[in-house]
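TrEMBL lists 7-28, 80-100, 121-140, 160-181 with the feature transmembrane segment.
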Amino acid sequence: MDPIVEVVALVLGFVGWVMLGVCLPNRYWRTSTVDGNVITTSTIYENLWMSCATDSTGVHNCREFPSLLALSGYIQASRALMITAIVLGTFGLFAALIGVQCSKAGGENYVLKGRIAGTAGVFFILQGVCTMVAVSWYAFNITQDFFDPFYPGIRYEIGEALYIGWCSAVLAIAGGSCLTCSCKIGTEEKYPLPYQGRGTVYSGVAPTRSVAASTYGRNAYV
């Protein structure tokens with residue numbers, strides 16, 4: 001595997017992991033604007049942890065969700081998936097730092113380093129899948145409620161955090177796929193083998209040319 005490809009994959013996985021860390025605490029997972037006069041116009045926005053409101057004067061108030069069990073099922077699942085994605089990405093980042101060929105960690109056993117790099121790629125792919133599922137599931141519920149004519153609650157729209165989450169998932173999956181290709185499971189290290197000559201070597205006096213010719217004639221026609 002080209003070391004440059006491994007470094008690019010490591011950078012993609014790292015950027016995806018950082019964007020995941022930015023996406024999780026971001027407050028703008030979904031937003032809604034309530035129009036009114038200059039004073040009553042407000043913007044409501046939520047994430048996985050709290051709900052906030054800001055009026056036209058710039059004053060904003062936030063409150064955390066009081067009970068985990070009182071939340072909708074998709075919010076609880078999105079929390080679990082996002083936290084799992086961060087943990088998997090952390091493991092993948094440490095494994096990738098050890099497994100890439102340009103790293104001195106792990107010694108000179110490139111077969112083992114290739115397997116570690118492949119494991120890191122799997123971690124990054126799982127991170128991307130968990131992020132993609134959480135963000136897409138959350139966005140699906142937003143659009144479902146928005147286009148439902150009988151929905152009585154506030155109609156939210158997709159916030160900026162979901163776009164950051166989608167970009168994070170794509171980068172993590174791309175980096176993980178490149179690292180997985182560098183895995184060398186089943187290969188063996190090649191060592192130089194000692195040269196072994198064919199046939200048997202006998203020691204003794206070399207025969208004269210006449211004896212060799214007579215012997216060749218008997219062996220050829222007998």
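Every residue gets a Cβ built from N, Cα and C, even glycine.
Note that the structure is predicted; figures quoted are calculated from it, not measured.
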Response to the item:
Same-chain residues at least 6 beyond the ends of the transmembrane segment (160-181) with a Cβ under 8 Å from one of its Cβ atoms are 1, 5-6, 8-17, 19-20, 22-23, 26-30, 47, 89, 92, 96, 99, 117-118, 120-129, 131-132, 134-136, 138-139
Discussion item. Six or more residues beyond either end and a Cβ under 8 Å away: which residues meet both conditions relative to the transmembrane segment (7-28)?
Written reply: 45-50, 52, 62, 82-83, 85-86, 89-90, 92-93, 96-97, 100, 102, 120-121, 124, 127-128, 131, 135, 159-162, 164-165, 167-172, 174-179, 182
